[in-house]
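Asker: Below you will find the structure I want to go over with you.
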Amino acid sequence: MASQGTKRSYEQMETGGERQNATEIRASVGRMVGGIGRFYIQMCTELKLSDYEGRLIQNSITIERMVLSAFDERRNKYLEEHPSAGKDPKKTGGPIYRRRDGKWVRELILYDKEEVRRIWRQANNGEDATAGLTHLMIWHSNLNDATYQRTRALVRTGMDPRMCSLMQGSTLPRRSGAAGAAVKGVGTMVMELIRMIKRGINDRNFWRGENGRRTRIAYERMCNILKGKFQTAAQRAMMDQVRESRNPGNAEIEDLIFLARSALILRGSVAHKSCLPACVYGLAVASGYDFEREGYSLVGIDPFRLLQNSQVFSLIRPNENPAHKSQLVWMACHSPAFEDLRVSSFIRGTRVVPRGQLSTRGVQIASNENMETMDSSTLELRSRYWAIRTRSGGNTNQQRASAGQISVQPTFSVQRNLPFERATIMAAFTGNTEGRTSDMRTEIIRMMENARPEDVSFQGRGVFELSDEKATNPIVPSFDMSNEGSYFFGDNAEEYDN
């Protein structure tokens, strides 16, 4: 890991702050989520939502999307320059669900972007509060990570669909800043780079001229972000090669895919944070909680505690299982989509089932779905224990994994061995160790072969009772290692389509 001196904690990235001490970080993160809460309350007032309607997660998502769209400078500029039929570039909106005569009805609302921006700034002491916007993007990204699999996207870039544990944050917009970069998985970064290189191969002007210079800077920056996620010297050296390449082409794509595969065993450091829907912060603010004064952390007990006493509802389709819908949202809140299911189950206190066994579709309701048959139910978002979210890959060791997902990317800092199937992973490394990166490749393969299943990651780290806010008594769970470990095992989840 890089010396702590140069690293900002993710709360600092998220709040755009320079180095702060723990109290200042807690206060600025508190200010950020408090601003989201105040904005949400104001929007509910504007839209005349009842208390129940304001607690509906689908309404929360619509309101979040409106503010993200209102502040999307690039897209707004594009929409103004390329007017398309039926799209007013100055307006934003979406479906709002209301309870009428015992039924749920959908109402499509439209708002001036300028007005939404005004309400957002007003809730955030007159500032743009980009940190809060990024926070909402990460919540949407975590929701996508829990809901969809990215098989098609992986295959398109030449990667193996079983590498889905590396794909955290793959739906985050480009403008999500440092906090967004911190939560992106190795596979996500590799995919972005491969797409860029492919464009360069197909379009000879891509790296040329004034625009090309900017492209090159973006390329090198992305390489550096990815390099920073790797924890071994050989992986980092390979990233230097990719970054310094004169004109990136197929050799670089090969190197990147090699690195992505290696990350299944030599895991990268990927940040995890609990980002909750805006309505949860709104509920807390409405009940008089002062986030800035009390302080808040995205990686400690605070989100767990907030969810313990928030009642959030969701629309449920006729044949969906409300308990499964709750699991989906719980996973989206704490971002363990690629975590070992046994760890998630232990913390949640109820069994977390693999994606393929869930009787539920995504949280968002399509505009053509019939509202007549929609019901709503309370989401069970409480947990039995809490654990600190990690930003390391928890590297030391490995062990058996499953067919649908051949590795995990730990979310919680809890002692265990990390499951993965060495035979499957190593099979991908036959042959090709020649070329400029041969010595590094050989070194990486050697490290992977020497990784021992019996070693334990996060030694001595445990989960904590919800009454133990200072994390003084770690409970180190023992896991039944014969059990299935991965969420996307044997999966038939829907694909994510933009």
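Cβ coordinates are placed from backbone N, Cα and C, and glycine is handled just like the others.
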Asker: Among 84-102, 198-216, find the range that Swiss-Prot records as motif 'Bipartite nuclear localization signal'.
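Answerer: It is 198-216 that Swiss-Prot describes as motif 'Bipartite nuclear localization signal'.
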Asker: Could you break down the residues of the motif 'Bipartite nuclear localization signal' (198-216) into DSSP helix, strand and coil, giving a count for each?
Answerer: 13 helix, 0 strand, 6 coil
Asker: Averaged over the motif 'Unconventional nuclear localization signal' (1-18), what pLDDT does the prediction give?
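Answerer: Reported value for the motif 'Unconventional nuclear localization signal' (1-18) is a mean pLDDT of 51.
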